[in-house]
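Following: one structure in structure tokens, then a few remarks.
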2 protein chains.
Amino acid sequence: MAASKCTRLGGELSRRFVASVDTVLFDCDGVLWRGDEAVPGAPELVNELKLRGKRVFYLTNNSTKTRAMYAEKLGRLGFGAEPSEVFGTAYCTAVYLRDMARLAGKVYLIGGQALSQELGAAGIPHLGQGPDPLTGGFSDWARVDRDPQVKAVVVGFDEHFNYMKLNRALQYLQDPSCLFIATNTDTRLPLEGGRAVPGTGCLVRAVETAAHRKAQVIGKPNSFIYDCVVKECGLEPSRTVMVGDRLDTDILMGSSCGIRTLLTLTGFSSLEDAKSYQKSGSDSMVPDYYVDSVADLLPALSEQDQ
Amino acid sequence: MAASKCTRLGGELSRRFVASVDTVLFDCDGVLWRGDEAVPGAPELVNELKLRGKRVFYLTNNSTKTRAMYAEKLGRLGFGAEPSEVFGTAYCTAVYLRDMARLAGKVYLIGGQALSQELGAAGIPHLGQGPDPLTGGFSDWARVDRDPQVKAVVVGFDEHFNYMKLNRALQYLQDPSCLFIATNTDTRLPLEGGRAVPGTGCLVRAVETAAHRKAQVIGKPNSFIYDCVVKECGLEPSRTVMVGDRLDTDILMGSSCGIRTLLTLTGFSSLEDAKSYQKSGSDSMVPDYYVDSVADLLPALSEQDQ
């Protein structure tokens, strides 16, 4: 299946491509849905892939849902999905702290309910969830109570993010032995109609700027989410594809993990973006293939019957 | 007065240096005071400089005080000072918007009372000051009410900074014609005892990350504060010195404005930092002179009597 990069998948090529794949890793937002609406044809594609014996996993940088919450949303939009097929950054952050960092202490959490639930399910004590109302002045903030058992700061999406939380993170991170983990660095959360709100990356940059430190990032383009799939479920890299809408996260991760990559144009990145990276020699951000929508792969599946 | 860079001021050199200066530009925090305590000897130095006919101005990146509030703090700590001698970023941001940008519209302000007062004094309508409690969810945030008259977003220090304010800034800044101004990018506010809390730079980086834009910065190392002193008060660059504790703001600004620079070691940067910049050839961050404390200049003034 050697091919020049950034090739449109269609017709016979599409049929051969699907036949060469056993495992499909899907990003979700911008690929399978936008906001709360499924991409037309995407549920049919995913369900058809599974009917044909392909394995499907969902890899998302979004930290606002647990595995169970993602499986529920997938089901509601028409995708058959089990929690064990979902690898989001809420879950993978908890796995990282438990299995890789072997954290012996508490987490100071800038993050929401899903992160708290996944940390709890992994047996990791944590504090910080929910509102942290502004009180006091400069001297109080510099002397804010610190739990001596906190050995890590985790930054995920948190709509309660404010100056108090930023300050608490700084006070913990002044200890160089305190771990500093970010779920992801996506700058915006895209919503329906081209609208967007600030993403986790904004909170991460604020804390990094205060702490004079860089966070270790769990999400794509880092490979940790992929490593979690490999460890828990196993896969044959040469028969696996990463399908995503972002060149700087999904495609870059797929390239660096040595699997094939497929860009779908229903989300963040455009074909022009990909061609531009190709021209500048940034090959790791150029997908092997692209489609207008993942639904374009449906005919390749039904043709296999004929 | 040609000299090799990064020379300790003392004895005869110190006396000749003081004699060669008509105008002294002082950074405040870490130079004249730390937190709420004057650097020992600093009030005497400043008052003695004025008695000898030198002109003194206060140039600070801090946006949490008006000119009048700064003059009051200076007076309380023993420094004679008039509001017209104070050039802080609250005041200079208002000057920039009124005289340089000639803003015809409102400001969405992430900032405190001092910024609001200086904008008001300059006749610039603004909104956003004070708490902005979290309400609603993703779709509400993306559709948040926008005042169509807002033509600039200003980010200064704001202890009420939170996700709602970050989101409002993003929604305004998606219009490319909306100005984006930051008072300063200092990462931390230093307090007594080596403690620190997050500075304005953290908030600026969060908004820049969301907006996919860089802010225009009013504070040091940019030269706009210096330009304000020149325009309002006039000065002879060859007989002017910038005295500061930070190489990356005070000294860099002085270098780029073509005036002499003096590092004092009572604040942020160390002599090692300066020597390290010198070795790497980053000359604009290397001061012409340094002292352990501005009080070290006092003997040079009294010796002029002899």
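Using N, Cα and C of the backbone, Cβ positions are placed for all residues, glycine too.
The candidate list A:D175, A:D186, A:D227, A:D245 contains one residue that TrEMBL assigns to the Mg(2+) site with A:D27, A:D29, namely A:D245. Same-chain residues with CB within 8 A of the center of the A:D27, A:D29, A:D245 CB atoms, the Mg(2+) site residues themselves not counted, are A:C28, A:G30, A:V31, A:L32, A:T60, A:G244, A:R246, A:D250, A:T264, A:G267, A:F268. Between A:D29 (Mg(2+) binding site) and A:K220 (substrate binding site), the C-alpha separation comes to 13 Å.
A gap of 10 Å separates the Cα atoms of A:D27 (Mg(2+) binding site) and A:K220 (substrate binding site). With respect to Cβ neighbours within 10 Å, the binding-site residues A:D27, A:D29, A:D245 differ, and A:D29 shows the lowest count. Taking the C-alpha positions, the distance from A:D245 (Mg(2+) binding site) to A:K220 (substrate binding site) comes to 12 Å. A:K220 (substrate binding site) has a Cβ environment of 29 other Cβ atoms inside 10 Å.
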